[in-house]
Amino acid sequence: MRSFILRARSAPTDSQRLLDEIGGKCHTEILAHCMMNSLFTAQSHREDVVIHLVLESTRDYSRTITVEANEISDVGGFHEAALIALLVKALDASVGMGKEQTRVVQPGLTVRTISFEALLGELAEHHSLYMMDKKGDSIRDIKIGPNPCFILTDHIPMPKKSGNSMKRLGVEKISLGPKMLFASQCVTLIHNEIDHQEAGW
């Protein structure tokens, strides 16, 4: 199972604001782009992939929207608008939820009022954790561990205090090259590299 976490620190948990910020300063379109590149291939979808989108611009609690490739159906298309519509559906379903609650929106689509740190703590129990960092070891020079989970951010960098907690959880820093890339581009390159490793190329 491959997992991805996108920590979207500027992404609003209000569905209308999410829509308003497509192409705006919060760049909420990145959420759809990461979903598209993590879950789908040409004319198909990947198996055994999960993406967690953590939206943190909120008046109450962060929202973690989880999409499971093996379970999701009725997506409505592979385009940005269809994927944004799924996020809107999840956010609308989360209205009124208390802290650390879970709501199944539809098969393969879940929303939780859980923080990035709490989510990471859960995943650390059964996943090999990797954080994208330009100064990390090249992904081509390491052996990817079982059940890898790759941690990405939007245009707002990861805060230093999170770096300390990730270090305690054993998160490894890895690099995809010398250039800073969009999170969605990182997802594609990660998939490609693991595809090569698994195929023995």
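Yeah, the Cβs are placed from backbone N, Cα and C, and that goes for glycine too.
Per Swiss-Prot, S-adenosyl-L-methionine binding site is recorded for M132, C186, and the stated evidence type is sequence analysis. A C-beta separation below 8 Å, combined with a sequence spacing of at least six in one chain, links M132 (S-adenosyl-L-methionine binding site) to F150, I151, L152, T153, K173, I174, S175, L176, C186.
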Tell me the Cβ neighbour count for C186 (S-adenosyl-L-methionine binding site), meaning other Cβ atoms within 10 Å of its Cβ, over all protein chains shown.
22
